Amino acid sequence: MSHLVVQYKSSMHMNEFINPYIYPPPSYLSFLPLHSSIHGATTNHRPPPPYATGFRMNQPARRYIITASEAESMARSKGLTVPQLLPSLVKSAQDLARTPISKFNVGVVGLSSDGRIFFGGNIEFPGLPLHHSIHAEQFLITNLAAHGGGPKLLNIAVSAAPCGHCRQFLQELRGVSKTQIIVTDQPLENPDYKPISSILPNPFGPFDLLDQETPLILEKHSNKLSLKDDSSITQNGNTPNLSNGYHELINKNEETLITEALEAARGSHAPYSGCPSGVALMDCEGKVYKGSYMESAAYNPSMMPVQAALVAYMVAGGGGYERIVAAVLVEKEEVLVKQEDTARLMLKYISPKCEFRVLHCI
Ligand SMILES: [Zn+2]
């Protein structure tokens, strides 16, 4: 039986996820994603209330990337250099944030060494523990990584001082200590950029754990992975062949979904755990978005693959999360860090009708 058939049978309708999610006992903690380190989530899983997600309908199309030539032209028209232009774009980046919990929008723009400008905003998920939130700087780096930005991030302009979590996540970029940063909501007595090293001296970073040759985020990753023949998962009350109204569309695109999820896993940055993973999402129009897992040397700031795929969805103009109707996760089986349960939980809350499947790779 081909894996396509097997994974079809492992389909699961999120509405049918009736088994209460039982938070793994301590002996299972080593199977949790790295962001669960130290602070394990302890939520009860009742059906989510109909709250807002922070996405406003009918909002104008947002920009998440500006081309190099357009950036040059915008700067020139204002008599500025491109780094000088960045602070004026931060307000637009703040409008990208989805903050139904805090209502505190953080926006960040970054100039890549290829001349493009990338945007990021903070994303919150009501009903889920706060550590599922995507910070603006994480969004920015995921946006960069997903679109071949790089190899370096030269300048960052951000609306508020980066939190410790983000200062740490930025350490996954090679040479980031020299990246220049400016914070726009602070009194600009000295409105100049300053190096990241000035806001995180004595950092703990990748090379405390890795050798210098290991590729970092924004560098090419080619994890040698292939799908297992028998790669279905049938646990947690899996019910096959349920329909969420998009079964035909899902079947038509299932090969693309699987290919993209595998490709995302091959591109993931998981040097600390050796547990690469990737997620592909499909919306109700059949468009597919992929996201690669990205680890942090400090574990907790790691970006889960489902978060990264959601960033791809938003950057591509995706609207409300309920438009996501199918998801595929590719990861290894029987490893120390697994994404399955946390991805399922997240999808269950943000898009209850999403069909979620897991394929194992080797
Ligand atoms: Zn942050």
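Cβ coordinates are placed from backbone N, Cα and C, and glycine is handled just like the others.
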* **Of HIS135, HIS147, residue recorded by TrEMBL at the Zn(2+) site of CYS163, CYS166** => HIS135
* **In the chain carrying CYS163 (Zn(2+) binding site), residues 6 or more apart in sequence that have Cβ under 8 angstroms from it** => HIS135
* **Counts by DSSP class (helix H/G/I, strand E/B, coil) across the domain 'CMP/dCMP-type deaminase' (252-362)** => 40 helix, 31 strand, 40 coil
* To do: Among the recorded positions GLU124, GLU137, point out the residue whose Cβ has the most other Cβ atoms within 10 Å, with all shown protein chains included in the count.
  => GLU137
* Taking the centroid of the Cβ atoms of HIS135, CYS163, CYS166 as the Zn(2+) site, which other residues of that chain lie with their Cβ within 8 Å of it, listed in sequence order? -> VAL106, ASN122, ALA136, GLU137, GLN138, PRO162, GLY164, HIS165, ARG167, PHE169, PRO301
* In sequence order, what residues of the same chain, 6+ apart, have a Cβ less than 8 Å from the Cβ of ASN122 (substrate binding site)? -> ALA97, ARG98, THR99, SER102, PHE104, ASN105, VAL106, SER133, ILE134, HIS135, ALA136, PHE139
* binding-site residues near GLU137 (active site, proton donor) (Cα-Cα within 10 Å), from ILE123, GLU124, CYS166 -> CYS166
